[in-house]
Amino acid sequence: MRNAKGFTLIELLIVIAIIAILAAVLIPNLLAARKRANDTVVTAYLNDAVKFQEMYQIDNNSYTSNQAALISLGLKSTPANVTFSIVSASANSYCMIAGHSGGTVWFAATPDKGVYKTNTAVTSSQPESCP
């Protein structure tokens with residue numbers, strides 16, 4: 001009998017099957033983690049925008065519907081792939097909405113509720129008011 005070196009076809013098929021099973025389990029988890037990370041980018045930006053809205057309100061006795069006014073106070077520009085808008089603003093209230101194209105849902109921010117998740121999927125159009 002010869003001294004065989006290397007792997008048999010069966011051994012290689014078993015290794016390929018194990019790799020396929022691991023990929024089937026891990027890939028969906030990685031995609032979900034990416035969506036959660038994208039949502040975190042949105043909530044962090046909205047939290048910053050809330051702080052700058054409060055700063056603006058202290059100086060002007062009213063909230064602003066102009067993102068440029070918040071940027072002039074120090075708010076960073078909108079992150080890549082994030083849609084952000086100040087839907088409404090008055091002396092006592094504001095409504096800001098944001099979502100990431102690779103995220104799960106739209107997020108909103110108001111003085112009463114702070115930053116919160118809406119029930120509207122990011123794949124649908126942006127809400128026109130804070131729910």
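Backbone N, Cα and C atoms are what each Cβ position is placed from, and that goes for glycine too.
On a predicted model such as this, the values are computed, not experimentally measured, just so you know.
Mapped onto three states, the DSSP output places Cys95 (disulfide bond) in strand. The Cβ of Cys95 (disulfide bond) has 22 neighbouring Cβ atoms from other residues within 10 Å, across all protein chains displayed. Among the features that Swiss-Prot reports, disulfide bond is placed at Cys95-Cys130, with the record citing experimental evidence.
Its own atom aside, the Cβ of Phe7 (N-methylphenylalanine) has 11 Cβ atoms within 10 angstroms in the protein chains shown. Annotation comment: Swiss-Prot describes Phe7 as N-methylphenylalanine, evidence class sequence analysis.
Sequence annotations record features per position, and here Swiss-Prot assigns transmembrane segment to 7-27.
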> Using Cα coordinates, what distance in whole Å links Cys130 (disulfide bond) and Phe7 (N-methylphenylalanine)?
Replying inline: 62
> For Cys130 (disulfide bond), what is the tally of other C-beta atoms lying within 10 angstroms of its C-beta?
Replying inline: 19
